Amino acid sequence: MQRKKPAPLSVWRPLNLDRFLLGAPHYPEHVDEGCWRRDAERMAAAGVNTVRMGEFAWHIFEPREGRFEFDLFDRAIDVLGHAGIDTIMCTPTATPPRWLTSNYPEVLRVDVNGRQSSHGSRQHADTTNPVFRAHSRRITRAMAEHYRANPRVIGWQTDNELNTTVSESFAPSTRIEFQKYLQSTYGTIEALNFAWGGHFWATAYDDFSQVELPRPQMPSFPSPGHVQDYHRFLAAATAAFQHDQVEILQETNAEWFIFHNLGNLADIDFRGQFGQDLDFIGFDIYPMLYDEMRRTGGHAATQALHLDICRSYSGNFIVPEQASGFGSQPGFSTMTPEPGEMRRMAMTSVARGADGVMFFRWRPAHFGAEIYWMGIIDHDDVPRRRYDEASRFFHEIGAIKDQILGTTVRMDLGIAGADFDNQEAHKTYPIGLPSPLEDATLLHRHCYHSGIACGFIHPEDDLSRLKALYVPHWLMWKDQWNEAIETFVRNGGTLILSALSGTRDENNHIIRERAPGNALAALSGVKVSEFGRVVPEGGTGLFPLFRPPAMGSYAPSPLPASSAERKYLFTLGNQEFQAAHLYELLEVAPDTEVLGVWSNRFATGSPAITARQVGRGRVVYVGTYLTPQLAAKLFNVVLAKAGIAPLLPELPAGVEVSVREADDRQLMFVLNTTEIPVTVPNIPAGIDLLTGAPAAGTLDLEAYGCAVVSLNVR
Ligand code: GAL
């Protein structure tokens with residue numbers, strides 16, 4: 001396997017390996033050694049080239065402090081190696097062993113109510129804690145040294161899903177680390193007092209040592225600046241924790257690739273040091289679980305959303321854990337992929353930028369907190385449909401990997417994403433409004449169902465390949481991005497700004513200019529005269545969203561009828577819409593066209609949506625939040641005019657389409673996400689790489705059927 005030095009972070013970056021990693025997380029420590037050889041043979045027959053192991057085995061690598069034992073894993077790596085299978089090793093810091101938490105109880109995480117984690121599950125240690133960091137460096141160095149020259153160990157995963165179970169900590173040592181972070185960020189306490197607004201509610205400090213961790217509603221709300229810096233600190237601490245490990249691994253063997261497997265995406269700034277330290281990102285995909293947790297509109301659309309978000313941080317990625325079967329922990333369970341669906345979900349990952357897929361897990365555990373989390377092989381050691389599907393997928397992708405590697409996912413519409421500060425700024429002061437991501441999800445879902453090539457991108461990335469860019473309510477718009485977006489527009493792109501854009505500075509202070517700030521006002525031809533809250537259709541108002549403080553003086557209450565009846569309407573293209581969440585009244589420059597107008601109550605006649613021609617492109621301003629209806633209409637009124645069309649016209653319901661491309665090739669993935677066979681019309685001429693058959697005109701897909709059409713590039 002060849003590894004290239006990773007290119008700078010970009011959504012357009014392919015993986016830096018010449019191997020498509022195909023395999024499974026594997027836990028030899030859960031399996032009788034007598035089964036190891038047959039496991040390896042079955043893996044090889046299925047087309048596995050790599051397994052991942054070791055992430056929860058610190059107690060085996062270091063059974064007593066300072067005594068290291070690698071025999072079990074050495075034997076396992078060796079047996080797999082004889083079958084031609086390589087190993088990704090993990091640093092095992094998600095599960096520090098009992099001797100460590102007994103001898104150094106200060107490493108245990110403390111929750112917001114002051115409760116210390118107890119030993120007995122995972123992610124119980126606090127990655128901000130200096131003592132834990134020292135142990136993390138120790139175990140990483142011991143493992144790195146041991147595997148330095150083992151040719152079968154080809155790369156590393158750091159930890160496991162950092163910050164997924166919990167990202168916050170309120171331990172005494174966290175407070176000290178937070179204070180140090182603030183001191184190095186601000187230099188003087190006066191600078192911090194200015195940033196956090198110390199004259200408000202007498203929250204000024206005399207010294208960094210007086211600063212507390214921001215506890216929500218203790219008893220009232222902390223300053224948004226205080227909250228934002230706590231989350232910036234958590235992200236910096238997470239990156240520093242990982243950096244310790246990366247540094248050791250890199251200096252031990254520069255040939256190893258290093259990645260992390262993401263889960264929850266909390267308190268990690270992937271475009272910062274965290275992502276820059278890695279060769280690529282790994283993203284664990286459990287579509288049914290994510291959909292049920294967040295109710296985002298069907299697991300197929302949810303999976304596509306998660307993959308597109310993941311890609312925006314650093315480009316193509318791997319899926320170290322791709323759902324295979326029924327999954328559960330004691331408190332929940334997920335739906336079961338039906339026959340064919342496991343392969344389809346894995347194909348979706350590839351279609352949206354995965355350059356490596358590993359099904360979770362090779363075998364299910366017989367003990368512990370995931371006994372019903374199924375794997376490729378069943379508990380009774382019999383390979384059944386999941387083995388057959390994994391094998392089919394591995395062989396199919398193995399056969400076409402050279403066409404796939406080196407391509408990136410086409411996007412005609414980009415949604416501004418991957419910006420840590422903007423996502424956090426919303427959380428510091430949400431006032432019941434949807435987050436940028438929640439708003440963007442409505443547009444993404446519309447594009448997903450219509451077959452429009454859409455994804456997420458940071459404004460600092462290369463915008464030239466997009467036709468349009470939607471910016472979902474980014475409060476902290478930074479001046480340093482203005483030149484790039486203006487160039488994008490002058491060259492023919494369409495920029496869509498939305499309500500509240502650019503209204504706060506990086507300290508979370510409201511700007512002193514009129515919204516959306518001088519630069520965006522000049523570009524869009526819009527100044528905001530007034531804004532106010534609107535109840536979305538079927539909405540319940542603010543109070544149910546307001547977490548009652550511990551002392552419980554506010555009880556959630558239903559929305560009073562008088563507020564619920566206050567609908568705000570606007571017209572756009574001869575159609576009337578009910579606004580959601582917020583209205584803005586816009587003052588419009590003479591060269592700016594009014595597309596949408598408020599049409600009832602006192603706002604009647606005020607501009608709501610505008611467009612301004614700038615160079616060869618347009619800047620559209622939307623003075624409200626998206627609804628599913630507005631997202632669809634925006635496509636007709638704005639995006640179609642920007643030259644965006646669905647990748648396939650008349651896409652049947654439940655079929656998803658995306659394109660991966662390089663200069664010399666285009667691969668169109670057409671995937672049936674339903675249990676009903678479907679015929680897809682309007683397929684351009686090419687070859688279905690999975691069957692070798694020519695494709696053109698109509699394509700018949702079985703239940704959960706997949707096609708990868710290599711288009712005849714003109
Ligand atoms: C992932 C985690 C795995 C396993 C899996 C199934 O989030 O990384 O260790 O727990 O979920 O629950």
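Going from the start of the chain as shown, residues are counted 1 onward.
Using N, Cα and C of the backbone, Cβ positions are placed for all residues, glycine too.
As written in TrEMBL, here are the features:
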ACT_SITE  Glu161  active site, proton donor
ACT_SITE  Glu321  active site, nucleophile
BINDING   Arg122, Asn160  substrate binding site
DOMAIN    27-397  domain 'Glycoside hydrolase family 42 N-terminal'
DOMAIN    442-537  domain 'Beta-galactosidase trimerisation'
DOMAIN    570-644  domain 'Beta-galactosidase trimerisation'
DOMAIN    654-710  domain 'Beta-galactosidase C-terminal'
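Each residue in the domain 'Beta-galactosidase C-terminal' (654-710) gets a DSSP state, and the totals come to 0 helix, 40 strand, 17 coil. Of the listed recorded positions, namely Arg122, Asn160, Glu161, Glu321, the sparsest Cβ surroundings within 10 Å are found at Arg122. Rounded to a whole value, the Cα-Cα separation of Asn160 (substrate binding site) and Glu321 (active site, nucleophile) is 11 Å.
Taken residue by residue, the domain 'Beta-galactosidase trimerisation' (442-537) breaks down under DSSP into 28 helix, 23 strand, 45 coil. Under the three-state DSSP scheme, Asn160 (substrate binding site) falls in the coil class. Reduced to three states, the DSSP call for the residue listed as 'active site, nucleophile' is strand. When the Cα atoms are compared, Glu161 (active site, proton donor) and Arg122 (substrate binding site) turn out to be 11 Å apart.
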